[in-house]
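What TrEMBL says about this protein:
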type	residues	note
DOMAIN	27-84	domain 'V-type proton ATPase subunit S1 luminal'
DOMAIN	100-136	domain 'V-type proton ATPase subunit S1/VOA1 transmembrane'
TRANSMEM	100-123	transmembrane segment
Amino acid sequence: NRSENLSELKTIHFTIPQLKLPGLNSTVGSTFNATRIHAPAIYSYHCEHVSNLQRYDALLTPSSPNDAAKHWEVTFIDFQIQGFNIEDGQFAYAKDCASLFPPAILMGLVMSLILLLVLAYALHMLMHLKSIDRHYECKASSAYYPQMKDIDTADEKEPLRINGHETYELRSQQYSKIYI
C-alpha cells in the first residue's frame with residue numbers, strides 16, 4: 001500500500017508439500033489474514049510474537065471458516081518484515097507492535113495522577129487555612145478577690161501581747177477565687 005506511505009501485510013499462505021495423510025496425497029495449504037501488521041514505508045515492522053494464538057494477541061486469523069488454518073497453531077518469534085527501501089540487506093528502524101502504554105504503565109500513570117491530585121488538594125487546603133491563633137491568644141483574665149467587709153476585718157484581728165509588744169494575728173486565712 002505505497003500510495004499512503006504505509007507498508008502492510010494482508011495475508012500469509014503456508015504450503016506443506018507431499019503431506020501423506022489417510023485419504024490425502026497432496027500438498028496442504030492454509031491462508032491467514034494478517035491484522036494490524038503495518039508500518040510506515042520507510043520503516044520495518046517488528047513484533048516479538050506474531051501468531052494465531054490468543055495468548056499472543058492473535059494477529060493472524062484464518063482466511064475463511066472452512067480453511068484448514070483453524071486447526072493450525074502458527075507462531076513467529078521475533079518477527080520482522082520490511083516492504084520497501086531495504087538498504088545493504090539491513091532492516092530500517094522498526095515500528096514495534098508493542099503498545100506505547102501497556103496496562104502496567106497505564107495503571108502506574110493513573111495511580112500517580114491520583115496521588116498527585118490528592119497532594120495538590122492537601123497543599124491547596126493548607127494554603128487556604130485561616131489562622132485560628134487570634135481565637136487562642138492569651139487573654140489576661142483578672143483574678144477575683146472578694147472584698148473584705150469592714151465589719152469582718154475588725155473581728156479577724158486578735159490582739160496578742162508578747163513581751164510588751166502588741167501584735168495581731170488573723171483568725172482566718174485570706175482566700176481568693178480566680179474566674180477565667
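Every residue, even glycine, has its Cβ placed from backbone N, Cα and C.
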Per-state residue totals over the domain 'V-type proton ATPase subunit S1/VOA1 transmembrane' (100-136) - DSSP helix, strand, coil: 28 helix, 0 strand, 9 coil
Residues in the domain 'V-type proton ATPase subunit S1 luminal' (27-84) grouped by DSSP into helix, strand and remaining coil: 7 helix, 29 strand, 22 coil
Arithmetic mean of per-residue pLDDT over the domain 'V-type proton ATPase subunit S1 luminal' (27-84): 82
